[in-house]
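One structure is given here, and the rest of the page talks about it.
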Amino acid sequence: MPSAFQFQCHLILIFLAASKGETRYLEVRDAGEDDPFLLLSEDLKRELSAGQIYRRSLRCIDMLSIEGQFTFTADQPQLHCATFFIGEPEELITIDYDFVNIDCQGGDFLKVFDGWILKGEKFPSSLDHPLTTSQRYVDFCESGNIQRGIRSSQNVAMIFFRIQQPGNGFTVTVKKNSNLFPCNVISQTPSGRFTMVIPHQHRNCSFSIIYPVVIKISDLILGHLNGLFLQKPSAGCAGVGDFVELLGGAGLDPSKMFPLADLCHSFHGSAQMKIGCDNTVLRMVSSGKHINRVTFEYHQLDLQEAETRKENSIEEFCFPSI
């Protein structure tokens, strides 16, 4: 049976709902019947290709993966609402306030968060984000004016809001911009292929897949000694400034996940692992001294594959949750 986190995170990519909690933390609860990912009709595709702006109303809990102009108008007091934005791995998200009519003095709020946050866990983690936690929030009520062009640092962002007076609301325009060197990414799909490059930058980058997966690393360049060198978590890559680690766990924040294996040296070939965790993260740690690069592909782990645990697989962790 799926764990609670797996159920919750899969709902993020299918449908989102929020329950009571602190204003900066959201929890997912029951699923709805609507699919928040927009399945584009042929008419809409033609409209968008003709340069027209896509417009629609927002639900209290919503998810957007497309550019356009979006309006929320409260029809009743809405106390715990959120909209999650996600793009392709190589995209950044820009959110513009076009119109805001809320009662800040009466307890309403409208905030943008640079990343995603669920049940108090953040992606990217505080260790991997260029801004402090407080800097990742843009609070409309605290700024006192409409700040235009709030841009995310990765392919995910969110807004959360409370609007108590029916008829009040806001309008935002969402745009996507190219990111030449994607760092922190949440995958929209349970399968794919990705190359992460960190060019002489002292930073850590995480690629998060909210599914149990088979992950195959086909190329790793770390700028120092060659040769496949796979370390179990007990050994780690102590003293190595540049390495890749595989993490697994039952939460969103990579810094709170369990280390499954470290890859400490460059290699050309194949290292395949089966990871049965609710969330799998490939994380590259870079000292900034080298151009680091890793290419990998992944697909969702099914029951039959989980029962056949061969090759370079992590067998002792997470599989009971499948």
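Every residue gets a Cβ built from N, Cα and C, even glycine.
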If you consult TrEMBL, the disulfide counterpart of C264 among C237, C318 turns out to be C237
Here the disulfide-bonded residues are C81, C104, C183, C205, C237, and the Cα closest to that of C277 (disulfide bond) is found at C205
Averaging pLDDT over all residues of the domain 'Corticotropin-releasing factor binding protein N-terminal' (52-177) gives 92
Most Cβ neighbours within 10 Å, among the disulfide-bonded residues C81, C104, C141, C183, C277, goes to C277
The domain 'Corticotropin-releasing factor binding protein N-terminal' (52-177) resolves under DSSP into 7 helix, 66 strand, 53 coil
If you tally other C-beta atoms within 10 angstroms for each of the disulfide-bonded residues C60, C318, the top scorer is C318
